[in-house]
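Chemist: Input: one structure, supplied below.
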Amino acid sequence: GGWVLLQNCHLGLDFMEELLETLLTAEIQNDTFRVWITTEQHPKFPITLLQIAIKFTNEPPQGIRAGLKRTFSGISQDLLNVSNLPMWKPLLYTVAFLHSTVQERRKFGPLGWNIPYEFNSADFTASVQFIQNHLKKIDIKKGISWNTVRYMIGEVQYGGRVTDDYDKRLLNCFARVWFTENMFDSAFCFYTGYKIPVCKTLEQYFDYIQLLPAMDTPEVFGLHPNADITYQKNTSADVLDTITNIQPKESGGGSGETRESVVYRSAEDMLEKLPPDYVKARLVKMGALNSMNIFLRQEIDRMQKVITVVRTSLNDLKLAIEGTIVMSEASKNLRDALDNMYDARIPQVWRRVSWESSTLGFWFTELLDRNAQLSAWIFQGRPKVFWITGFFNPQGFLTAMKQEATRAHKDWALDKVAVHNDVLKQTREEITSPPSEGVYIYGLYLEGAGWDKRRSILVESTPKILFVQLPVLHMFA
């Protein structure tokens, strides 16, 4: 009637098959017997074992209220009473608030932290232990050494996990603003409505935490309200992706079009619009050794590869649907292309040689647009304004521009040349001639800021507008 606990089962997959066999064949006498297994996600984990099991996941709580509750449920009354200095309880609560904040920022993805760190309760316990020791040693007249506290929290306890410079700067900013003499002031608050409570018992803390809002605005964590839109959008996309992935893949006998005929039609449609192959002879005429033309040739080689892959797989897919060739297990790519095209996603073979995009429609439009820019460059001469996001290697484009400038000034050395940029006031349509030196580019967007065209400076984002297109930029060396 006891329990068996097997940990990290994703490391012993062979034994899982054996375990399943044992569970199904053994005669278990006692109803209270249980097998617990812990595992990480693994594509080869035996599915039958998962199907007969009750799944249990432990997610971090969502929101400041739930985070503080969880943190305080690990605190004892003895810890609250460990020091009779008036600074102790506010400091304890502030560390708990910081702990919830750093964890909660993770859900905002790269807007919260550039790298999602695994902050856990050990960081909290270590910080509390440090503050406890620090308070024991301080001279009452001199008070707390805030620099020490901030350094230990922002650089050592929580900061020890942080590897990105900007993330470190952010964490130190939290420590600098919250851990000061001001925190003992009755007017101090982390954000409107989030104060430091004055309590004597754990019950009083729980009563106060219960009064906090169930949903926090992103501003509590120092983010713009727009961050919430991004988070909600990503969450919905994940849910819908999961639903799409678990849809049955075989076409049923119901009425309406079959999967195959839908995909066949869209394959025909794409083949019609697909641009023709490039003619290399044109490039030789343009001057093969000019640095911009070398860059153009590399772009065309990559574009040609994409066009070839798309054309081949669409033709094969049509033949497979007609039944001319067999869609066997070997042609995993064809099966993948069929499933993805039906779901309006980009087949994996295409994505490998190309670029990221949210849907197949957007991806294909971008293919035509990128191709149009390269073709116009070959046949109608160099563009006045370049769509920089339409290149495979935009850094290479700027390097070619640098080389051009270096060759124009005989006494310049390439490694002494730096790239500069000016944001113009014009849009792409208003540009009538290329610049005397350098290049005009467009197609860049700002995320997390707005752009004031009149004064040409960054401003705070406008509510509900996530991306702002920048005007034309003049890049020169």
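Note that Cβ sites are derived from N, Cα and C of the backbone, with glycine treated the same way.
Predicted automatically and left uncurated, TrEMBL annotations should be read as such.
Annotated domain 'Dynein heavy chain region D6 P-loop' per TrEMBL: 1-57, in sequence order. Annotated domain 'Dynein heavy chain AAA lid' per TrEMBL: 88-227, in sequence order. Summarising the annotation, TrEMBL assigns domain 'Dynein heavy chain C-terminal' to 234-476.
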Chemist: Could you tell me the mean pLDDT over the domain 'Dynein heavy chain AAA lid' (88-227), as a whole number?
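Modeler: Mean pLDDT, the domain 'Dynein heavy chain AAA lid' (88-227): 93.
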Chemist: Over the span of the domain 'Dynein heavy chain region D6 P-loop' (1-57), count residues by DSSP class, listing helix, strand and coil in order.
Modeler: 22 helix, 8 strand, 27 coil
Chemist: So how many of the residues in the domain 'Dynein heavy chain AAA lid' (88-227) end up helix, strand or coil by DSSP?
Modeler: 89 helix, 5 strand, 46 coil
